[in-house]
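Taken from TrEMBL, the feature domain 'Cytochrome b/b6 N-terminal region profile' covers B:8-219. Residues or ranges marked as transmembrane segment by TrEMBL: B:38-62, B:91-110, B:122-142, B:188-211, B:249-270, B:312-331, B:343-361. Residues or ranges marked as domain 'Cytochrome b/b6 C-terminal region profile' by TrEMBL: B:235-367. The feature domain 'Cytochrome c' is assigned by TrEMBL to B:387-464.
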Amino acid sequence: MSECKRDNKELGRRSFLTKLSFWLGGISAGIVTIPVIGALLQPLIKRKKQVWRSVGKNNDFEVGKTVLVTFEDSDPDEWAKTISRTASWLRKDNENEYTAFAINCAHLGCPVRWEANSELFLCPCHGGVYYKDGSVASGPPPKPLTRYMVRLNKGNVEIMTQALPITTLKDG
Amino acid sequence: MKKRMLKIWDWLDDRTGVSALVVPLATHLVPPGAKWSYVFGSATLFCFMLQVVTGIGLSLLYQPSVETAYESLKYISNQAVLGSWLRGMHYFGASGMILLMGIHMIRVYLMAVYKFPREMQWITGIVLLLLTIVMGFTGQLLRWDDTGVWSAVVAAEQLGRIPLIGKSIAYFLIGGETIGGYTLSRFYAYHVFVVPALLFAFTAFHVYLVFRNGISEPPKRGRLLGKEDYRDWYEGMLKKEGVPFFPFAAWRDVVFGTVVILIITFLAIYKGAPELLGPPRPDSIYANPKPDWYLSWVFAIFALMPPKIESYVIAFGPLIILFLMFAVPFLSKRKERHPMRRPWAIIGVVFTVMVIIAFTVEGMRSPWSPKFDTKPLPADIVDNSSAEVVKGAQLFYDKGCLYCHKIGEYGGARGPDLTQIEYRLTSSEMVIRIVNGGGNMPAFGGSLSESELAALVAFLKAKKADK
């Protein structure tokens, strides 16, 4: 009887210590993991507020011409300013109206070039071609070139920054 | 002296148990028929060790910040002591690893090694293949040159096609909503810490499985063994005719591994790693991002696929391929292992290899890319007896026709070769095609005047490229 009692006590003790080890180990691992997951998911958690960027004065641009303008991304970190720039193909449609296209091909994101003589945007990667209004002329792109919001503000032409345009399945 | 050294070693060995651990591993029995076709797995492992060592070397010199990464890599390539050798070995080591891994996989598949009891070896092998490709890709971005950075954009676009969460995954990959400082940090973490840790873990597990299940015997026609009798047969075979792995099988691994290392060294010294293509500029339109050779075939498929189905193929193709690869051990219920008795396995492998090679070659040629650097046509091709024809030739260049069409040896290959177009199309057919486009040709009706159109047609009728 005392033998049985001791065995039961031993089993209970072992079970308790096993549970204790697993729970405390799990809690420790969980606590350590939380800030790492925070760092891992930062791109999805900490979205940046988009801002207007000036790309030149209204008087600087010629009606009918498509030119390349560059601007700083929204809220770039100090140490990354040299890399945090984006370009846009900007066309002055008339004295007070502009169209701004992303340079990213809607197929797989490669930079497209404007060929003024052909009035076409051409992509070097997979042969995508767009007409001057950004619509697809030929090749693999599933949708037109992404556009930026443009406005005139006290004589300055401003483009609203935006996230890298990503073509999703429902676009294709 | 020798006796004292032996005594010291005996003491150390007794206290640490090194021999007790290593000797059984080194001398475990393997089938005597396992010969040269078996060396590719260990050769891949040799390359992996080379990558770790040369990677550590590079990390002593490379500066992973957006302002210094590119410049430090240029320094490594051009000024560091033996730096270009080091970088070259790391590049060709990656290429070698992928190539040898592919060959290893083919050998394993053809000899049905994925069948009982080695299914997990196949599965862990697939995981290792994926991790290796990810290493190759993340390494390309770490060059932090224009091609590398723009390649991250291309990769993000592919991930963006994943249903529902694609956009989030794309921004997760590049560390934010635009290319920036976090992009480099993230890829550096993937390439130097995260993926190598997984590679070490899965490699160790993969090799452990080899010890647990034994090295496979060369298959024999008609020898049908399954769950119920394979293990007993295998143990009996080893008892009767097995040989210790070291040195009777290991020597081939070492010989071939050494040859591989020497080839990589030779390539590193004489060919060198890919040229660095200017510092990264996400606002530049002159980048022409292309993957390294082992992903060229994917790039080619993107260019050649019908546009209507492409997004679905990008989204679901990899998942289907992955599923099928992981399912291989479970799809086959037959016990035959010899390739000659499994003709569909041979046909499948040959077909797949040919497809990948064909697309790789095409991907490296990139005939779908407009040839932006093409030069104007020389006078001997232009029939200069007529002012209109000369004007047409000039337009053919200025309007970019030459980017996509060849005349003689000049121009791109995106569209049909026009060297003999005057025999294939009438003038009115040419007009219709130029104005309306068709196939992969855009319509030029909106950007060409009537007189320009007439001049172009006159040129196409009168040129002298084929006379």
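The backbone N, Cα and C atoms fix where each Cβ goes, and this holds for glycine too.
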Using a cut-off of under 8 Å between C-beta atoms, tell me which stretch among B:38-62, B:122-142, B:188-211, B:249-270, B:343-361 contacts the transmembrane segment (B:312-331) the most.
B:122-142
List the helix, strand and coil residue totals of the domain 'Cytochrome c' (B:387-464) as derived from DSSP.
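So the counts come to 43 helix, 6 strand, 29 coil.
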Please compute the mean pLDDT of the model over the domain 'Cytochrome b/b6 N-terminal region profile' (B:8-219).
94
